[in-house]
Amino acid sequence: MADKIDPAKVPSVKLPSGTKIPCIGMGTFGSDRYSPDEVSAAVGGAIRLGYRLFDCASVYGNEDLIGEVFDDAFKSGVVKREELFITSKVWNDMHARGDVLLALAKTLRDLKLDYVDAYFVHWPFPNYHAPHCDGDARNPDSVPFSADQFMRTWEEMEKIHRLGLAKHICMSNMTIPKFDAVLSRCKVKPALIEMELHPAFQQSELFDYCVKHNITPIGYCPIGSPNRPDRDKTPGDVIDTELPEVAAVAKAHNIHPALVCLKWQVQRGSIPIPFSVHEKNYASNLAAVIGDPLTDAEMASIAKADKNCRLVKGQVFLWPGAKGWEDLWDLDGTITK
Ligand SMILES: NC(=O)c1ccc[n+]([C@@H]2O[C@H](COP(=O)([O-])OP(=O)(O)OC[C@H]3O[C@@H](n4cnc5c(N)ncnc54)[C@H](OP(=O)(O)O)[C@@H]3O)[C@@H](O)[C@H]2O)c1
């Protein structure tokens with residue numbers, strides 16, 4: 001078994017609420033490749049090793065098994081509930097009035113919790129795809145983003161926040177135009193945003209916008225998601241761990257390039273949530289955020305390695321009449337209506 005890490009040695013980030021969140025967590029999306037059993041076993045191993053942040057979602061299809069692992073860990077005294085920061089996300093088919101509460105109730109029942117530390121709107125529109133679908137699958141009911149529709153969902157999020165069922169409410173897969181359209185209307189501001197972040201896709205403008213608005217970025221696909229579902233693979237996608245700048249830093253520190261991606265993100269100020277079911281990998285990911293920092297010159301060289309290469313394009317969420325996946329991300333600076 002890999003060496004345990006004292007969670008107190010893992011740096012943390014303070015949210016506007018005063019709550020501290022670890023600077024690294026574990027993702028739990030099996031990418032349609034790893035079974036719920038494998039993912040939940042990894043969560044158990046990660047708790048024992050010292051992980052305290054877990055990124056869950058109902059659509060990952062494994063919250064019931066992960067809940068058993070949490071319950072065992074609490075009952076056996078491995079960790080206390082209040083020592084964990086557990087997130088989950090409302091899926092796109094549960095955005096309507098009353099449905100957010102129902103979705104969270106199911107998540108709480110599955111995870112065997114009284115509250116989540118953060119609850120995210122997984123995508124800012126009610127478009128959904130069937131699990132394991134192909135990249136060219138489309139749902140004819142899909143619609144473009146609407147600020148009014150999003151705000152109706154956010155008001156449901158504010159209710160569950162008032163009820164204490166979610167300590168923080170948060171957004172995911174947002175853009176600056178979408179934030180501009182909704183932030184001033186939120187009575188409770190999002191504490192966190194999940195956004196795709198890795199050296200080949202740094203989203204600097206959105207990153208800076210979030211920091212300016214006190215919204216802490218959580219970086220998904222932090223290693224470039226090498227085992228992502230086939231629907232999210234496109235010819236021309238960049239492999240982060242093979243970027244010359246990343247490889248050079250890895251060589252200088254004598255570590256795997258995946259760990260360079262994580263160190264770079266933590267030092268930049270985002271919280272990576274790498275996924276792995278392999279103990280060797282998830283142990284080294286946690287250890288990477290302690291000591292042996294990248295130099296300013298190394299940070300600067302990785303900053304220049306950006307290739308603007310989005311991996312999770314989201315094309316399965318496109319609505320009839322949309323031109324292409326770029327429409328989901330408002331790439332012309334305006335919201336597509
Ligand atoms: N909000 C959203 O819309 C959204 C979207 C996507 C993902 N997420 C969240 O973000 C999490 C992470 O994203 P991801 O899983 O797509 O991508 P990722 O963490 O960038 O990549 C995961 C893959 O990297 C490999 N890996 C991990 N640690 C490694 C190491 N130390 N050395 C070498 N390879 C390593 C693993 O391979 P092995 O399996 O071989 O170990 C794993 O399959 C997800 O699990 C999920 O919780 C959120």
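Positions of Cβ are set from backbone N, Cα and C atoms, glycine also.
Fair warning: this is a prediction, and the values are worked out from it, not measured in the lab.
According to TrEMBL, the protein carries these features:
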| type | residues | note |
| --- | --- | --- |
| ACT_SITE | Tyr60 | active site, proton donor |
| BINDING | His122 | substrate binding site |
| DOMAIN | 23-306 | domain 'NADP-dependent oxidoreductase' |
| SITE | Lys89 | site 'Lowers pKa of active site Tyr' |
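Feature map: annotations from TrEMBL on the structure.
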residue	record	Cβ within 10 Å
Tyr60	active site, proton donor	21
Lys89	site 'Lowers pKa of active site Tyr'	26
His122	substrate binding site	21
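Distance from the CA of the residue listed as 'substrate binding site' to the CA of Lys89 (site 'Lowers pKa of active site Tyr') is 5 Å. Rounded to a whole number, the C-alpha distance linking His122 (substrate binding site) with Tyr60 (active site, proton donor) is 11 angstrom.
DSSP assigns His122 (substrate binding site) to coil, not to a helix or a strand. When pLDDT values are averaged over the domain 'NADP-dependent oxidoreductase' (23-306), the model yields 96.
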